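Please read the structure below before turning to the comments.
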Amino acid sequence: MSHPKSFAEGLSIGIIMDGNGRWAKKRGLPRTAGHKKGAQVFQDITDYCQELGVACVTVYAFSTENWKRPFDEVSTIMKLFGEYLIKAFDYKSRDVRIVFLGDRTALQPRHQELMEEIERDTAHKTGMILNIAINYGGRQEITAAARELAALVQKGELKPEEITEQMLSDHMYTRGQKDPDFILRPSGEKRLSNFMLWQAAYSELVEMDVLWPDFTKEHLDMAIEEFNRRNRRFGGL
Ligand code: FPP
């Protein structure tokens, strides 16, 4: 399907990849099968975002709360993430900057090394930004930013009354990036679930009744159309 240039160009989209477990359950499969299919969909959809000229896409791969899941499920998600980190080297030949959001200190040392390498190797890219939120929580991100600013106050480099919203933005994992225009949540849920709490202040929420492993390019088109409709009304009377 071809779209006018204005369809998605320059948009920043946040995606909560939800419904993997339910997708698997419906098929009588283990939940991990849902994550495997979800990881493929993640690659297809982020590739498609790039094709559409989207400026930034942020996916929620693993939250700070997801450690509470059974060991087998956590290991599968981390394994899929590790496989992706190895594959991500394809991005050397593509115009995508990859940034990881979250507290990476709890991740496997090998993963941390690869993450640093990928971020370094793609830092100069000027095309789409792909943010992957892993061991990420919005509250944890805001807390970390508050700690960094408090440390500057303690050192006498900053006064409390000098702290601005912009300074907090500059201490988030997304520093320097545009806030999401809309947050997409498939699977019919209507919650942010600790995703981009700071950045989503003015974002539209687009929820869709489809489980993430079933999510297609056409669904993304529909979500963008929905956002564009709302956006057009925004400027009206
Ligand atoms: C939410 O569905 C999904 C997750 C907690 C994990 C998402 C992970 C991936 C798509 C794969 C790994 C990521 C990369 C970057 C390769 P759920 O399990 O909460 O679904 P449910 O609500 O139906 O139980």
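Positions of Cβ are set from backbone N, Cα and C atoms, glycine also.
The shown structure was predicted, so the numbers you read here are calculated from the model rather than taken from an experiment.
The annotation active site is assigned in TrEMBL to ASP18. TrEMBL lists ASN66 with the feature active site, proton acceptor. Among the features that TrEMBL reports, Mg(2+) binding site is placed at ASP18, GLU204. Summarising the annotation, TrEMBL assigns substrate binding site to 19-23, ARG31, HIS35, 63-65, TRP67, ARG69, ARG185, 191-193.
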Fewest other C-beta atoms within 10 angstroms, as judged across ASP18, GLU204, which are the recorded positions: GLU204
Those residues of the chain, 6+ apart, with a Cβ under 8 Å from that of ARG185 (substrate binding site): ILE15, ILE16, ASP18, ARG191, LEU205, VAL206, GLU207, MET208
GLU204 (Mg(2+) binding site) and TRP67 (substrate binding site), Cα-Cα, nearest whole angstrom: 28
Cα proximity to GLU204 (Mg(2+) binding site), best match among recorded positions GLY19, GLY21, HIS35, ASN66: GLY19
Among ASP18, HIS35, THR64, TRP67, LEU192, the recorded positions whose C-beta sits under 6 Å from ligand 1: ASP18, HIS35
Distance from ASN66 (active site, proton acceptor) back to TRP23 (substrate binding site), taken between C-alpha atoms, in Å: 18
Neighbour count (Cβ, 10 Å) for THR64 (substrate binding site): 19
Other C-beta atoms that fall within 10 angstroms of the C-beta of HIS35 (substrate binding site): 25
